[in-house]
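**Q** Right, I'll just put the structure down here and ask away after.
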Amino acid sequence: EGNPYTWWVGKANEKHYYWGGSGPGIQKCACGIERNCTDPKYYCNCDADYKQWRKDSGMLSYKEHLPVSQVVVGDLDRPGSEAKVSVGPVRCQGDRNYWNAASFVTSSSYLHFSTFQGETSADISFYFKTSASDGVFLENLGNTDFIKLELKSATEVSFSFDVGNGPVEIVVRSPNPLNDDQWHRVSAERNVKQASLQVDQLPLEVRKAPTEGHTRLELYSQLYVGAAGGQRGFLGCIRSLRMNGVTLDLEERAKVTPGVKPGCSGHCTSYGMYCANGGKCVEKYNGYSCDCSRTAYDGPFCIKDVGAFFEEGMWLRYNFHSPGTTVKDLVSRTLLSSADPEITAPDLSLNKEELSFSFSTTKAPCVLFYVSSYTPDFMAVLVNPTGNLQIRYNLGGTKEPYNIDIDHRNMANGQPHTVNVTRNGRDIVLQLDHYPPTSYSLPATSDIQFNSPKALFLGKVIEIGKIDQDIYKYNTPGFTGCLSRVQFNQIAPLKAALRPTNASSHVHIQGELVESNCGASPLTIPPMSAATDPWHLDSVSLLFTTFNSLFTASADFPYNGQAIGDGVNRNSAIIGGVIAVVIFTILCTLVFLIRYMFRHKGTYHTNEAKGAESAESADAAIMNNDPNFTETIDESKKEWLI
């Protein structure tokens, strides 16, 4: 049907179907371009399907697609069918001036050069990339004459000048944003006959010069690259700036200019690793940010869990496609695929899945995660009645679903647990918490395609048609607990429900979804047994012997996620209250004893003047008693302060 069996993957994980000696968009090899293939009916020698070895080779030179990260070779299932692939090294060559670049990190940054000599002819070209919506690229002034190039808006580049006949402006408008942080080429030219401006491969804009008037561009100021005259300067990178055939050395000038950096490596080169959990580093000109939109996380570095608490009977459904959407629309959205956009439509299939989430619950059994389809195929993650985890696949080809039972760990113990499931064809890798990954394999008779995925469920399965009997039983009363950081391939259903995104319209919720951080990271080690746990009831029974007369029922500590009865909760509360009262009493007694033992006593003795009762004032009393004003305070007077 014309679909290639073989392709290679380049930058940005894009598939390419052209080969060495050919070009982008052409599904041919070099022999197909030169029309000398082994079989003229085909465009590659290897397509001839001869018994003898045939070879296609050549250089892949379209650098926007390089480097080659993967080669996928199909059609090898037939007897005697073989393929050999080799990929040579990447070689870079060219003029160093082509990559002479500078980064402008503030809107007031600029470089200055000597006056541009372009009286009768000006030829200017350069490349730029930015995420800012406007800014001046360069400007040179005269008394009244000037020449200027600027980014007027996210889609407009302007070339303006004045040679004495009044300002002239030429604008090129792009149908796509130019502030997409990709390289764009600007070429401006002015002579005595006309002026022109071109951006990338957009149509050339031309303005004829007047037949009469001034023709010489007379400039006197320095040439400013970036901000000039208080205007908002360019934020981003400029490289390969050529003016009348001379390349300006932006890098050398940037080394001695504040606010401008040589080269254009960006912040993501140094700090991109801080965007965790699949977050994408986005370049900013005074830093960087992390795009978490395609992850199940939030926050500045994509490390904040997005989770929610599910009450009994609550469920969430995520539809992989909305009613009324076409297959073409679905393919363009790449909802399910981590690499292949073709697997989102109802009539297409999954060959691999990547699932990760965290949960905590004390109720079993329950349905944690379920993916339905338009066929009997399904995938489920369950907690069985004993609290053990079960992964269940039904892809056809077998009488019963394929189950992976983790029967040696109780997952319904109220602690947070992390589940990671990866399937690629027949191979399944499961990792729980921080334990080592375990590998499994689907039976030889099982299909390996998940046909026509339909919807994703969390907490409960509400689906039309026949449902697996065990899942139907586990559906009642439903999951109670916390789910967080749920991600299935590129879908984050909880985040879509709790954060307004483009995928929010695919979500349907039954009940009130309450956001929660769902506790901390999963346990590194399993809970201690009763024999080794120093805080188990048997180990601390002596502590409560004094209070045995207060209780009529014995108290047992819950262990390993077992249900706690109302009586046990009541007894535990009584024990806690009694302990609190005893501790409070002991503290009060200690405070009283300390105060009593360290109490200080003191006396304050004074000799009052005789005749004080009849004196008019205190001074008069002293003078009446002792005309010589001798000190009346006895030397034995003592004073203590508490």
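Cβ coordinates come from backbone N, Cα and C, glycine included.
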**Q** Check TrEMBL and name the cysteine among C264, C268 that pairs with C237 in a disulfide.
**A** C264
**Q** With an 8 Å cut-off on Cβ-Cβ distance and a minimum sequence separation of at least 6, pull the same-chain contacts of C264 (disulfide bond), or say none.
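**A** In sequence order, A101, A102, S103, K129, C237, R239 meet the Cβ cut-off.
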**Q** Including all protein chains shown, what's the count of other C-beta atoms within 10 A of the C-beta of C237 (disulfide bond)?
**A** 23
